[in-house]
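Feature list (source: TrEMBL):
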DOMAIN    31-280  domain 'G-protein coupled receptors family 1 profile'
TRANSMEM  16-39  transmembrane segment
TRANSMEM  51-71  transmembrane segment
TRANSMEM  91-110  transmembrane segment
TRANSMEM  122-141  transmembrane segment
TRANSMEM  187-215  transmembrane segment
TRANSMEM  227-250  transmembrane segment
TRANSMEM  265-283  transmembrane segment
Amino acid sequence: SVTEFVLLGFTDLQELLFVIFLLIYITTLVGSLGVIVLIRTSSQLHVPMCFFLRHLSFLHICYSSSITLKLLSGLLAERNVISFNGCITQLFFFAVFGTTEAILLTLMVYDRDVAIREPLRYLAAMSHGVCVQLVVGSYAAGSLNALVRTSALLRLSFCGPNLVNNFYCEIPPLLLLSWSNAQLNEMVMAACVGFIITTSVLAIVVSYACILLTIWSICSVEGRHQAFSTCTSHLMAVALFYGSAAFLYFHPFSRRAEDQGKTASVFYTMVTPMLNPFIYSLRNKEVRSTLRR
């Protein structure tokens, strides 16, 4: 049985890629930690939207670290090796953080929906206790999804080869290495990922449809502009996250798809966590004014 996997990752321009990925990772840490500290220390930002944003920044740090640190060490090594248990652990936690982020993005649009449609009952509907319960539920759902997918993978036999055509452990390239029938695993992964993405996107679309109808009924141009500005940053984050995730998981299982998915994985695991703090900081008036002070 296979006791370790060799992550092929990137074989060309390793020194240049190391510098680029290191800068991306440092930028992610500085941006996400900056958002967390800013929200934590400013009383004006103790609102439900910023509460979710703080946890979203924490997730960016976690799942970016779970992938990038191993990638950086692999770029400096002659042979990038990860143990079987280490591979499964990396896969599990990345699934936890990725699923939780998908649910948090959905909760954030629900928060905007309530704030725009029912401003008078907003503070009561999105109290601190409710927000805590929603965040805990997000982490629980992410952990359950990761447990199901990881357990399904552990039933497979890996007897060689052990060359993973990616820079981190993920289910699609691992299924190509198994000697067992992976059809059930493909169905489980498609069901889990499909359910999460479909329900999340459907909830986001329905919420934004309700928001647009409410905005359309606002008489003043300034009021419409203010309502739109509160949603644009979230829409940009959703497009980045779900666009790269859909390309990564709904591609056919093949060697060529692995090579194409590697590029999508860079956006999904590193570029998106780096951009999100700046998207929310630059598009949110309260965050900008607090940052200036």
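Cβ atoms are placed via backbone N, Cα and C, with glycine included.
Whatever TrEMBL says is automated annotation, not expert-curated.
Remember, predicted model here, so these are calculated numbers, not experimental data.
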Are the transmembrane segment (51-71) and the transmembrane segment (122-141) close, by which I mean at least 3 Cβ pairs under 8 Å that are 6+ residues apart in sequence? yes
Is it the case that the transmembrane segment (91-110) and the transmembrane segment (122-141) have 3 or more CB pairs under 8 Å, with pairs at least 6 apart in sequence? yes
Are there residues at least 6 beyond the ends of the transmembrane segment (265-283) whose Cβ is under 8 Å from a Cβ of it, and what are they? 21, 24-25, 27-28, 31-32, 34-35, 53, 56-57, 60-61, 63-64, 67-68, 94, 166-168, 170, 229, 232-233, 236-237, 240-241, 244-245, 248, 291
In this predicted model, what is the average pLDDT of the domain 'G-protein coupled receptors family 1 profile' (31-280)? 81
